[in-house]
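Database features (TrEMBL):
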type	residues	note
DOMAIN	46-344	domain 'G-protein coupled receptors family 1 profile'
TRANSMEM	31-54	transmembrane segment
TRANSMEM	66-84	transmembrane segment
TRANSMEM	104-125	transmembrane segment
TRANSMEM	146-167	transmembrane segment
TRANSMEM	197-216	transmembrane segment
TRANSMEM	289-308	transmembrane segment
TRANSMEM	328-351	transmembrane segment
């Protein structure tokens, strides 16, 4: 949440000479701790509730919903490890929780937030795969594939981002009583720039994915062309004589002439069985819901993440002494953890139905007790 602003500019905190006891009993309930506390409450309820529904409803655990669950888990892990310390640090003008808590706080600030961003990226990659190569998606993609990809992203983020935190803790950490829980960024400028790139990539990919999906969906696919060519043409029965075998005249729109075949050999090229028809409808419905999820997520990410990414990118080269802009981008970035479960509720009908069913069951249980 703080990243490079606090790394390069310690004026974000107004450190005083008060003793630890005086500081502890004089918290400052300014705008930031109040807003952070409200976001923590609403985000915990939203993400936790949907995760409980996914755990209870086995039918919801589809391959695509694995990515949704991964994002909910990433939000909750960040909420648990970062937000309490973030609220606490906002209340006081000095860091009062010690060195180990500071390392955990910076770990959550860098690694867990980056993991949230890349959990969004996984949803975008999944939609690109489903829309651009649906045959491969239907045959290769599974729950196991989704789980492996999610675990792979967690490993990637930790390998790429966590070294900057632990190297700082081992070699470059400044005294807490002087600067608070901040990272000594000037000693790791190149690595901090790489971390910022990892934050930019998910947003850029998501923004580019949405128009790409709509362009691909507008273009006719090979299966659609084949389906159009195999449509059942108008059928007309005729007889060559009183004892002749009835024949069928089939007019194929793609042919210039008529074909005649025996009645015992029906033209089944365009006929779908009920099972395949239901599967195709279900797959199309799932892809539509996935596209809606990604579109809404991309809109919210563009609003909530862009100020933060711009702010910290500029902070890599120069200090930004604008507390209003700092607080605005901070609030927008963490608001995304509240928006995510709301988007899933709006876009996924099955999830919405399961949530309502859970509330009805809870109300009946309360009445019986």
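Cβ coordinates come from backbone N, Cα and C, glycine included.
Here the transmembrane segment (66-84) does not touch the transmembrane segment (197-216). Their Cβ atoms form fewer than 3 pairs under 8 Å, with each pair 6 or more residues apart. Ranking 31-54, 197-216, 289-308 by CB pairs under 8 A with the transmembrane segment (104-125) puts 197-216 at the top. The average pLDDT computed over the domain 'G-protein coupled receptors family 1 profile' (46-344) stands at 82.
Of the recorded ranges 31-54, 146-167, 289-308, the transmembrane segment (197-216) has the largest number of C-beta contacts under 8 angstroms with 289-308.
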